[in-house]
Amino acid sequence: MGSTFVQSLYNSYARRNLCFKQGNGVWLISDKGERYLDFTSGIAVNVLGYAHPKLIDALKIQAEKLWHISNLFQSPEQEALATCLCANSFADKVFFCNSGAEALECAFKTARHYHYAHGQPERFEIITFKDAFHGRTLATLAASGQEKYLEGFGPKVSGFIQVPFEDEKALRNTINTNTAAILIEPIQGEGGLRVVPPETLRLLRKLCDENNLLLILDEVQTGIGRTGKLFAYEWSDITPDILTLAKGLGGGFPLGACLATNEAAKSMTPGTHGSTFGGNLLGMAVGNSVLDIVSEPDFLNHVQHVAHQLKQGLLTILETYPDVICAVQGKGLMIGIQCIIPQNDVISALENEHILSVSASNNFVRFLPPLIITDEEIHEGLRRIEKAIAHLSQIHNKK
């Protein structure tokens with residue numbers, strides 16, 4: 001795939017040799033004028049694609065009024081988005097920030113402070129799951145527990161304990177008098193698109209209730225319609241105590257949120273947490289517009305419809321080319337293929353067909369198209385994917 005080095009930037013990204021100048025709907029136009037079908041959505045961010053007229057209008061209108069005033073003052077725009085999020089979820093309270101990692105930091109503090117306020121400051125440990133990915137701050141890296149990301153940054157932040165994915169015995173044995181919460185992604189995105197079964201989420205809810213723990217769901221990637229429900233937890237008929245959002249919430253504008261019940265958040269009084277830019281007015285304008293669109297039942301039904309077509313098409317490709325791919329995993333428009341050959345070879349072959357994808361652990365290639373994708377665009381994407389896989393199969397069989 002290649003990577004370019006820019007002297008004035010940190011060399012912390014393996015950037016592809018592609019540069020985009022414009023986008024419309026699910027399509028990106030490169031600086032060479034070539035059109036690419038985008039199955040990345042800026043890594044599950046651009047839920048409404050590119051240049052959506054309602055988002056553009058919302059941003060323009062707000063930009064002519066106020067950009068930023070800080071949280072020293074009242075914000076009707078924050079109140080409107082928070083009210084809408086609460087009305088469409090389990091939550092009673094919302095804290096706005098700028099990213100998924102910040103939302104997780106708020107969740108950690110909320111869970112720990114809850115027990116502190118109840119006279120149990122020793123309850124600060126949070127149980128997480130192996131192969132999870134929760135962010136790039138020191139605390140969220142510790143929560144993820146992946147050594148490849150922790151190496152070189154000194155001692156791991158304490159208070160996070162990983163257990164194997166879906167190992168009930170290990171989980172029960174790990175819960176103790178120091179445990180504050182359990183944190184899990186409903187679908188492990190970076191971890192290979194592993195969907196947590198509804199019965200597992202129900203078990204976690206039961207264990208939290210039995211042990212006075214808080215259940216935290218990381219829906220940074222799964223939230224805002226990505227799975228065909230506004231929130232992925234809705235598929236399991238449980239509710240968390242705390243939930244984190246970002247990515248799709250801003251539709252491309254940096255925006256994160258931590259949602260919580262009244263009980264979980266009641267000790268988070270003035271001075272316990274803050275964010276200079278959190279809840280800025282431009283983000284609120286865009287977030288309100290995104291939620292107005294994505295929360296509509298017809299919109300979510302559309303996501304489920306096109307997601308079914310995408311999955312069935314990928315399963316057909318799997319049956320045809322088992323020498324290149326060996327599994328299809330995920331839910332909704334958060335789905336991927338597990339590769340037999342190196343995943344970067346597959347990503348490059350897809351790129352040659354002008355369709356964009358993103359990697360995940362366990363040799364997976366993820367497909368995360370904008371939620372506005374049409375039937376025709378799904379079929380076009382599948383055509384390009386099959387063409388790329390067929391080409392790789394020919395090369396593989398010649399060896």
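Yeah, the Cβs are placed from backbone N, Cα and C, and that goes for glycine too.
All TrEMBL annotations are machine predictions without curation.
Taken from TrEMBL, the feature pyridoxal 5'-phosphate binding site covers Gly100, Ala101, Phe133, Asp218, Glu219, Val220, Gln221, Thr276. For the recorded site, Thr276 (pyridoxal 5'-phosphate binding site), the DSSP three-state label reads coil. Long-range neighbours of Thr276 (pyridoxal 5'-phosphate binding site) (same chain, six or more residues apart, CB within less than 8 Å of its CB): Ser70, Asn71.
Within the same chain, the residues at least 6 positions away from Arg136 (N(2)-acetyl-L-ornithine binding site) whose Cβ sits under 8 Å from its Cβ are Ala101, Tyr149, listed in sequence order. In this structure, Arg136 (N(2)-acetyl-L-ornithine binding site) belongs to neither helix nor strand by DSSP; it is coil. TrEMBL lists Arg136, Ser275 with the feature N(2)-acetyl-L-ornithine binding site.
Sequence-distant contacts of Lys247 (N6-(pyridoxal phosphate)lysine), defined as residues of its own chain at least six apart whose C-beta falls under 8 angstroms from its C-beta, comprise Ile43, Ala44, Val45, Gly100, Val220, Gln221, Gly223, Ile224. The feature N6-(pyridoxal phosphate)lysine is assigned by TrEMBL to Lys247.
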Nonlocal neighbours by CB distance (under 8 Å) for Ser275 (N(2)-acetyl-L-ornithine binding site), same chain, sequence gap 6 or more: Asn71, Phe95, Phe96, Cys97, Asn98, Glu102
Sparsest-packed of the listed binding-site residues (Asp218, Val220) - C-beta count within 10 angstroms: Val220
DSSP three-state assignment (helix, strand or coil) for Glu219 (pyridoxal 5'-phosphate binding site): coil
Secondary structure of Lys247 (N6-(pyridoxal phosphate)lysine) (DSSP, helix/strand/coil): helix
